[in-house]
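*Asks:* Right, I'll just put the structure down here and ask away after.
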Amino acid sequence: MSSRRKRAPPMKVDEERQQQLHWNMHEDLRSEPLTMTVGEQACSDADSSSDCIIIDEGPPESALHRDKKRRSETVSVLEATEEETRLSVTLNVTVSPYRVDNSWKAFLGDFALQLLPKESLVEHFSERTFTLSPSESSSQFLIYVHSECKNVEKQENVLEGSAGVCSKGIRVESSFSSDMLQDLAWLQKRRGIKLYQRPDGTHTIKVGIYILEAGLTRLDFMSDAGSRMKKFNQLMKRVMEKLHNFIIPDVLEEEEEGSESEPEGQDIDELYHFVKQTHQQETRSVQVDVQHPALIPVLRPYQREAVNWMLQQEQFRSAPPADNSLHFLWREIVTPDGLKLYYNPYTGCIIRDFPHAGPQLLGGILADEMGLGKTVEVLALILTHTRQDVKQDALTLPEGKVVNYFIPTHCPREKVKNREIQDTEYEPKEKVHCPPTRVMILTAVKEMNGKKGVSILSIYKYVSSIFRYDVQRNRGLLKRMLKCLIFEGLVKQIKGHGFSGTFTLGKNYKEDVFDKTKKQAVGSPRKIEKELRKSVNKDADSEYLPSNTSDDDEPYYYYCKAGKSRSKLKKPALLTKKGKGQSVHLDSQGDAPAAGVCASTDVHVSENTCVSEDKQTQEAKDCAESPNPAAEELAQSNTSSPCETSDYRFECICGEFDQIGHKPRVQCLKCHLWQHAKCVNYEEKNLKVKPFYCPHCLVAMEPVSTRATLIISPSSICHQWVDEINRHVRSSSLRVLVYQGVKKHGFLQPHFLAEQDIVIITYDVLRSELNYVNIPHSNSEDGRRLRNQKRYMAIPSPLVAVEWWRICLDEAQMVECPTVKAAEMAQRLSGINRWCISGTPVQRGLEDLFGLVVFLGIEPYCVKHWWIRLLYHPYCKKNPQHLYSFIAKIMWRSAKKDVIDQIQIPPQTEEMHWLHFSPVERHFYHRQHEVCCQDAIVKLRKISDWALKLSSLDRRTVSSILYPLLRLRQACCHPQAVRGEFLPLQKSTMTMEELLTSLQKKCGTECEEAHRQLVCALNGLAGIHIIKGEYALAAELYREVLRSSEEHKGKLKTDSLQRLHATHNLMELLGAKHPGIPPTLRDGRLEEEAKQLREHYMSKCNTEVAEAQQALQPVQQSIRELQRKIHSNSPWWLNVIHRAMEFSVDEELVQRVRNEISSNYKQQTDKLSMSEKFRDCRGLQFLLTTQMEELHKFQKLVREAVKKLEKPPSREVIESATVCHLRPARLPLNCCVFCKADELFTEYESKLFFNTVKGQTAIFEEMIEDEEGLVDDRVPTTTRGLWAVSETERSMKAILSFARSHRFDVEYVDEGSVSMDLFEAWKKEYKLLHEYWMTLRNRVSAVDELAMATERLRVRHPKEPKPNPPVHHIIEPHEVEQNRIKLVNDKAVATSQLQKKLGQLLYLTNLEKSQDKTSGGINPEPCPICARQLGKQWAVLTCGHCFCNECTSIIIEQYSVGSHRSSIKCAICRQTTSHKEVSYVFTSEKANQEDDIPVKGSHSTKVEAVVRTLMKIQLRDPGAKALVFSTWQDVLDIISKALTDNNMEFTQISRIKTFQENLSAFKYDPHINILLLPLHTGSNGLTIIEATHVLLVEPILNPAHELQAIGRVHRIGQTKPTIVHRFLIKATIEERMQAMLKTAERSHTSSSGKHSEASVLTVAGLADLFTKENEELE
């Protein structure tokens, strides 16, 4: 059941609401509404305004006939299709006379009903309602006139067959067809329109069609597609087409949004060519000289054209258009009655309000090809077109307002800055002035007074923290003053004796304070000060008297009660000094301090009731005009502090508390919240110039206008923008800020951002800023929905508080998906001009442009519905004109080929490096290919249509079916790059020798697995033969098992339990002396072998038991030593609790324990926390006593239970464990000694640890309900969970911490420390004790496993009950033959697999020998057929025998066998090997090596080729720089280690933090000539013209990424020829991929260059990649 509670009892719905909640399931199929019951009346009162048209079921008939007809029509409606429904359902329309009422309606048009000859109308026809029904003739209709009725509402709901309807119909002809009338009826039923009579001639009846207010559409915005049901809009479109001749030009019928299919081959170049032609033909409205004086480079002609077009897009030097144009989607219609309505012909929506056109596009897409200088074009635009109409309203201080700013007065102003920076540094203890001790004690007692009073420790703490009084030094003084106050009756003791009790205010407190307050109110300032000085001197206390000139002056604090009003005085009233005289301003109500207003402090002060308002004003003026600086400073320092007012609220973004620190504070002008000025980046010099608003108020206000341009770029090229600006723009021309987010800068004031010319931000920062948008204000309702008040204010993003002049998305293809966080945040920014800058705006397809259009905010195409319907859907239907024309308006594109004569870039060439695998790599690749091919085909078969492109599938499916391809591509680079195959790369890079060793180990493991399967099948077959009485055959199979294990003894490990099974059962067969079993020499040693196998198996368990016991003893010894250190009779924590109660600090202790338990505590829903079980020290004492007793109890029980299990297990223990949990019938019974001990462990664990995981009992209780039986017959090893600190231990720690902080007896603290050490020792003991229990349990389990290992297959006895659940070794008599056939098949498969794997192992072993460098890679063994030396090339069959390549080719060509002649037989052992399983060894690969350039280290073929190529580049052209691109970072790490081995200096870009540093080192350091770049981050936007070589380690499926990578060097500024190097492995998936990409490029050059792998590949193409390569391998 849901945990949500009902908020209110159920209530009965009124009748009107009930009618609204009724509906008909088939109403969309029918043309008439539901008929009403016959019992309803026909008419009543005449003043209704309900619907004026109803639909009846037909002419008047008898009730019986009508009921039968209704039932038959209902059946026909249910069975009819949508087309049949329109023809079969009877049309009935009721038209009412027109009456003026208060409801809104508009006349759309009318249709005519023409009377036939010999037909006439009844009297007063125009005032009566009639029903229009069809007649026998399809072109004629019948009118049934209703009787007169006073109530229009009842008249309109009149029913067929009622007495109020005429029985004779009047024949008419309609100007509307029957279909159109049905549409009107459906619309009327939905309360969208009404039909009324209109006056006309006697032979013609005019019926007016009126649209009602309910028929109008409510839109959220003008481009909204509408939320009304689709059928309503379709019918309205038909009506408007009929009445107003609205026909949608050049737009196809709307279809489902997902129905369009992507066109075959999107020609992106065709779009770019159209854009280019359009711009060449248009005339420029703006032609200016864009060569700004501050711009250093001279713009090329194509760049000038681009900047001029951008200026035109931003309406440079042109007046903005009037904002009164009609929206593109809407048409204005004037109804016959003169009303103006607006109609959307695309949706059928009608509205009343004028649909204003959306804001005109300012900006666009700058899509110049990579390397043509888009950055310079943007800088020229920024310099040329600056904002002129910047509104400074939000940046200027409102007239009559001041910014409240103050520095806490207890901090000297000259030390504020130092303390802001170094609050924690040691400083000399400054002199602190405090009020009299009398005042401090009374304040403490009053403020902290509770039900039980205030203890003296609480008074000490309050005085120390609030007044900064040295309590340690003056404790005796405070005690003496407290005695005096008790004697005077100002304080009384309500509990305890002496100073250990609690205190509260006495009965004389009010009268005393009232008298003093009265005297002060009427006295002069000097007299008051004099009295206060006397009062101070009377106390035996440190005197408090402020100096006249010091900045350290503290104001006098005095507490007063005005009259008998019990108003709380939470803050002390303030005595301030002004000029030469002193004046006291005391608030008579005691609510807040009052003081004169000083203009120099800019602080609001409460109204003063003791001094007149005029006097305050005059004093403030005197203070402001005072010529003496010292007096001004004195007045400022002594003005009432804002923190002493009742409405003072402090909440800063730094998280510091109000009382901490001495930083200056500033108040928001809007929400009046105080914050640290430095934290919100507000400077004191701006007090009289700029207003201050807190971050939340700034974000909620109108954005601040600015001239700044916001540039959003990838992290990799953020610093490149700064470099480009510094290089291309003259110094001091632009102010540039690199914004790194609120995490780095805090909240920057919008006026600071507005002062910049360019603000640069990365997409990563923009993405993170989304988390700081829409944060609720601390003052709002959403901001206070927390149990405790927030410690700090969440910082909103200042980016949304600025109206940017220009927003530029660099490499805008990163936000083409409008759902990504960066795109979502970019859309939230407010800007005038919006620009998308990208050299490849289209990567997957033309649908990518939609994300850019959404950012630009171009209506209506920024709505997905209109983008698809008006642009993309026609494009898919071979009508690209609409899309091309729209894109041409917003995009500028220059291609390199069009401006090649202007940029003068040297040519770029390409080199292909075809490589061949080494034998070890080839073997590894074949293994991977076999697994990946099977995996891929299995996944692809789940997809029915193989013609689908991968881009049409969901992301998860694409990732799944591309995973096998990914593994093969990685295997071509380096075996260690394949995830999950080897250890992580952080350990070390694997050499080829290590790869060979790893492959040998894997192959050995596979051989052992195949051998285990073979032995299992042989043992099973032997059991079947014993069942059938074939004892000789059974004995032979058991002997075959023993022979096989001996035969492979040096190569493979045979399972000892399988050998024991064969030995034991063979010994039993021989002991039974069955006839026909021949003896062998080994029979006499079977018993001894069986004994050795058992002892060897048990020795491992016995060793584990001894080791666990040995590990446990030191911990138990340390526990005994710790227990000896605890001497007291009562527990130390109990003594601490008692002392806390004696000193009346028990409440503090309880609170500290609760806080300790609650911190980092995740409470379970069904469990009560310990902190909720006690309220005072008595409850805490009871809980701890109970829990410690339970802990010691279960600790003792667990130790005793384990002690009992130490002795060797008896037969009874083994049998009980077997029945209980080792081999239970269904569920574990938990009845043996081990299970009972485990339950004790579970209980002990719950006491010792804080464990939230279910124990064993709960787990098995849940498994009882499992119908399929026991899921796992093993007992869980432990309870399995979180070993966190228990609540008992945390309580003890809190008590110990309390005792230390209050300096209780050292004895208690020492015992507490020992107790905590004891807890740690107990936890160690528990873990070791549980491991010891596990080893003891495993020892019993091993004994049972030995017993189970000797059991063989047998038939269930006739009277033996059928086991439930079934047992594997007991079978039914009819299952014997089935098991025999299965085991025979298993034996054949295992034998074949074992031979294959042994052959591979032999092949790898021979390969290891052939790679011995001492032999030069030559195999000296002769070929078994021709006797020639095998040399450097030979073939290995699956059996492991080797032949020369010539003999192998002859065997394959002439002696192939099997189906399709696809196998050969070994010339030595005659074992069959398929052609594809023949392994070829090549110890000398000439294609991969160049003898003149040796490479150090053992690397993969491709890594070695990359390193050799880099070395060759350096030899041919010293100082030439090269970029190395790879899709995977792991491959780059492997290459980096290979470069290190060969002493080649390089740098690598793998982390954003070191990106700029490493890139600069590559560019400017002459010794670093190699840069390793990951493709996904290093290929976008970077300018690295210093490099001339680009190395692509693997073929790239996304050619757009490839173009980006190549474009890093082939761009403006490049002065040298560039070379692209590609590395491909022959006869692998890479060769197939390269051929596929070349084919796609030739068939459609441009479009294939912009697609991702998901767009390039189809399902069939992916399958073809695997199948074709499989054929090549064969």
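Backbone N, Cα and C atoms are what each Cβ position is placed from, and that goes for glycine too.
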*Asks:* Quick check on the annotations: Swiss-Prot lists zinc finger for one of 991-1038, 1423-1470, 1567-1614. Which range is it?
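*Replies:* Range annotated as zinc finger by Swiss-Prot: 1423-1470.
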*Asks:* From the set Ser133, Ser524, Ser626, Ser918, which residue is assigned the annotation phosphoserine by Swiss-Prot?
*Replies:* Ser626
*Asks:* Look up motif 'DEAQ box' in Swiss-Prot and report which of 242-245, 810-813, 1354-1357 it refers to.
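*Replies:* So the range that Swiss-Prot calls motif 'DEAQ box' is 810-813.
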*Asks:* Swiss-Prot lists zinc finger for one of the ranges 337-388, 649-700, 1221-1272; which is that range?
*Replies:* 649-700
*Asks:* Tell me which residue from Ser261, Ser780, Ser1410, Ser1643 Swiss-Prot records as phosphoserine.
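*Replies:* Record says Ser261.
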*Asks:* From the set Ser259, Ser1646, which residue is assigned the annotation phosphoserine by Swiss-Prot?
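*Replies:* Candidates were Ser259, Ser1646; Swiss-Prot attaches phosphoserine to Ser259.
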*Asks:* In Swiss-Prot, which of 1-26, 495-520 is tagged region 'Disordered'?
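*Replies:* So the range that Swiss-Prot calls region 'Disordered' is 1-26.
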*Asks:* Measuring CB to CB from Gly373 (ATP binding site), give everything in the same chain under 8 Å that is also at least six residues away in sequence.
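*Replies:* In sequence order, the residues whose Cβ lies under 8 Å from that of Gly373 (ATP binding site) (at least 6 apart) are Arg300, Gln303, Ile1612.
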*Asks:* By a simple count, how many Cβ atoms lie within 10 Å of the Cβ of Gly371 (ATP binding site), its own Cβ left out?
*Replies:* 21
*Asks:* Can you list the residues of the same chain, besides Asp368, Glu369, Met370, Gly371, Leu372, Gly373, Lys374, Thr375, whose Cβ falls within 8 Å of the ATP site's Cβ centroid?
*Replies:* Gly839, Ser894, Arg1611, Ile1612
*Asks:* So, by DSSP, how many helix, strand and coil residues make up the domain 'H15' (433-507)?
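*Replies:* Secondary-structure composition of the domain 'H15' (433-507): 40 helix, 11 strand, 24 coil.
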*Asks:* Over all shown protein chains, what is the count of other CB atoms within 10 A of the CB belonging to Asp368 (ATP binding site)?
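*Replies:* Cβ-Cβ neighbours of Asp368 (ATP binding site) within 10 Å number 21.
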*Asks:* Per-residue pLDDT averaged over the zinc finger (1423-1470) comes to what?
*Replies:* 84
*Asks:* Could you count the residues of the domain 'Helicase ATP-binding' (302-384) that DSSP puts in helix, in strand and in coil?
*Replies:* 23 helix, 18 strand, 42 coil
*Asks:* Take the Cβ of Leu372 (ATP binding site) and count every other Cβ within 10 Å, whichever protein chain it belongs to.
*Replies:* 25
*Asks:* Using a Cβ-Cβ cut-off under 8 angstroms and a sequence gap of six or more, which residues of the chain neighbour Thr375 (ATP binding site)?
*Replies:* Trp721, Glu724, His728
*Asks:* Give the number of CB atoms, excluding that of Lys374 (ATP binding site) itself, located within 10 Å of its CB.
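*Replies:* Other Cβ atoms found within 10 Å: 24.
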*Asks:* Provide the three-state DSSP residue tally for the zinc finger (1423-1470): helix first, then strand, then coil.
*Replies:* 13 helix, 14 strand, 21 coil
*Asks:* Could you count the residues of the zinc finger (649-700) that DSSP puts in helix, in strand and in coil?
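*Replies:* The zinc finger (649-700) comes out at 9 helix, 7 strand, 36 coil.
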*Asks:* Which number gives the other C-beta atoms within 10 angstroms of the C-beta of Met370 (ATP binding site), all protein chains shown included?
*Replies:* 21
*Asks:* CB neighbours of Glu369 (ATP binding site) within 10 A?
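*Replies:* Around Glu369 (ATP binding site), other Cβ atoms within 10 Å: 19.
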